[in-house]
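The structure follows.
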């Protein structure tokens with residue numbers, strides 16, 4: 001081994017050669033074979049040109065250089081003396097690593113490779129390692145993307161929690177409600193404190209106009225008239241008229257004396273005297289336009305078993321079934337119509353309570369025909385007709401019903417369904433007669449009788465036919481709607497509410513279609529019925545959208561109309577129970593505004609679900625009035641005219657009710673300061689102030705307010721817009737026949753007075769008394785607002801959105817014209833006109849008043 005020549009002599013490098021070699025720590029070995037073919041450095045080549053000529057160096061082959069094998073270390077350790085070789089050999093410069101020669105690595109490994117800590121090539125959908133190992137391959141998002149997704153999920157969750165807390169705030173009381181308000185207030189942005197004054201926890205009243213809701217300021221038992229009038233609460237237009245009269249007198253007293261001439265003590269004493277004098281000078285009975293002070297004649301000589309002639313009876317019966325029954329389905333129509341024809345074709349002795357029901361149907365039908373008075377009433381009598389004037393007296397039928405089952409010992413008997421029907425029909429007749437106090441008493445009797453039989457509950461007895469169950473449910477909802485209407489008129493505490501009933505809404509199918517597959521499924525599947533017939537008060541947004549699609553497929557019918565009417569009445573009744581009540585008085589300003597937002601949202605949901613056949617607006621998501629095809633007198637060609645008009649009156653009345661507490665001078669003045677009050681146009685877009693993050697309302701361009709009004713100011717403007725919309729439903733030229741044919745004639749005076757008093761409150765709340773000569777519209781001209789489709793398409797500007805003095809005054813004058821025309825035939829309307837005209841003359845100097 002020692003005699004073997006050295007194949008790889010040791011190469012000694014000089015310092016400058018080592019620097020030129022360009023080795024890396026992990027480069028080639030310092031021992032390089034002479035015939036390796038590696039390129040030599042330029043310096044080494046120049047110094048050893050004789051021993052290693054440049055021409056003898058083979059071409060540069062990097063791959064071969066790396067692939068060449070080296071001998072074992074023991075072979076290269078032999079002595080260099082056995083062979084004479086040059087002392088220095090040219091060392092090749094180390095070639096830089098090629099990027100392609102490096103092994104490619106994925107920027108992001110899959111989850112299995114990352115957990116096993118092995119290299120991943122990043123192939124998608126499956127990398128090579130997972131494919132070879134037959135492991136499910138999955139890639140996770142990078143941390144930044146994961147954080148963004150998680151942040152979005154958390155933001156949605158927080159939004160749901162805040163929405164839940166806002167809903168719970170109106171339902172809990174005391175400490176829990178204050179904790180919720182503080183939590184929500186702390187989460188708001190610093191710039192969102194524009195309404196902090198309104199939302200302050202220190203506020204103890206829901207609204208300034210409701211502060212005396214728990215007080216009775218006069219003795220109602222002191223005289224026969226006050227007992228007949230009874231109590232009228234804060235949500236009654238009679239109470240609003242009393243407030244208007246008091247403010248007008250107060251304003252007149254302030255003009256009579258100069259406060260600066262008196263001292264502080266004298267001013268306070270003078271104010272106390274004015275307040276006491278105002279309370280004592282304006283009794284509630286003096287401001288009531290109802291006819292409770294007029295007695296109802298009791299006719300003892302009437303025959304309770306007498307009947308009108310067949311021709312007249314058919315007219316009254318048909319009038320009731322067509323114009324009253326769709327809104328108050330007290331009787332089961334299919335069964336009662338058969339019994340009616342059988343009774344007149346085959347005389348028999350029916351039960352006295354059935355006869356009482358028939359007489360009350362005659363009374364309501366006769367009342368309607370007398371209001372119509374267009375040739376089909378008193379003047380339409382042939383020579384061969386054998387009836388007298390007593391058959392045209394609706395009070396005669398009332399006294400017959402009284403003798404049959406409302407007199408003597410009858411009231412001490414146990415009630416049944418027919419007795420409940422009689423009491424309900426009597427209450428409805430007294431409401432149409434203007435006897436509000438008596439109607440309230442009979443409605444209370446019907447309500448208690450209904451509770452005694454449990455018809456307010458869901459009935460699931462298999463032995464009873466589903467048609468009978470549905471008839472009982474509709475009887476209950478008729479009592480509910482009637483009680484709600486009386487509560488809205490009188491302002492008294494109500495005995496009905498959403499907490500009292502578990503009966504589902506009426507099925508929107510006529511009884512003739514109860515055997516259809518869709519109706520049968522509703523009867524047989526309680527869960528399906530509860531899902532489709534749930535009140536809007538308890539629906540979620542998804543349920544409301546699903547129900548809207550279902551109702552859109554239902555055929556228009558009186559049952560569908562009754563279904564929609566009951567649903568809206570339940571929302572308005574909830575407003576009366578929560579806002580105009582002792583409980584509402586204890587609410588803070590934040591709770592009050594939250595309730596307004598909640599119930600306004602429910603009304604928006606009801607409007608969006610209204611079937612197209614009964615729609616009275618331009619769009620389901622916008623309550624701009626659109627009744628141009630039926631506003632002309634005697635219009636009868638449009639389909640479902642009566643249903644649309646009735647729902648429109650009920651809807652805008654509900655809007656007035658929910659926004660009325662904010663209609664105070666403070667909020668009207670703040671609205672006037674943010675806009676030009678000399679503009680004479682306004683919009684009929686009467687939507688409620690929307691809560692934040694509700695883009696589905698008012699999809700058009702919104703006006704820009706440099707100083708947006710507070711939430712309560714927006715509510716007060718909503719009240720005025722709704723009042724103008726309600727008056728816009730009426731034709732420009734008063735026609736009582738139009739009211740009798742298309743409007744809810746049993747309560748139309750209440751609706752008109754409710755809107756008129758809201759308009760008068762708006763006029764009295766403006767900063768300065770308006771000038772009638774410059775602000776009022778010419779008498780007899782149209783008062784339809786530009787936002788309504790009757791007057792053309794409106795542009796959404798600020799001046800067209802907020803009602804001006806001219807707009808409010810023009811609608812007030814239109815209402816007075818209607819009251820004066822109705823007063824020629826009805827004593828209650830005549831009283832209402834006198835009261836409103838007197839207030840207008842005080843508020844608007846120089847105004848002729850209608």
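Every residue gets a Cβ built from N, Cα and C, even glycine.
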Match it up for me: which of 123-150, 151-178, 179-206, 207-234 does TrEMBL list as coiled coil?
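Of 123-150, 151-178, 179-206, 207-234, TrEMBL gives coiled coil for 151-178.
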Looking at 668-713, 714-759, which stretch does TrEMBL describe as region 'Disordered'?
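Checking TrEMBL against the ranges 668-713, 714-759, the region 'Disordered' one is 668-713.
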Taking 634-667, 770-803 as the choices, which stretch does TrEMBL tie to region 'Disordered'?
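Here TrEMBL associates region 'Disordered' with the stretch 770-803.
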Could you give me the DSSP helix, strand and coil counts for the domain 'Zn(2)-C6 fungal-type' (109-139)?
12 helix, 0 strand, 19 coil
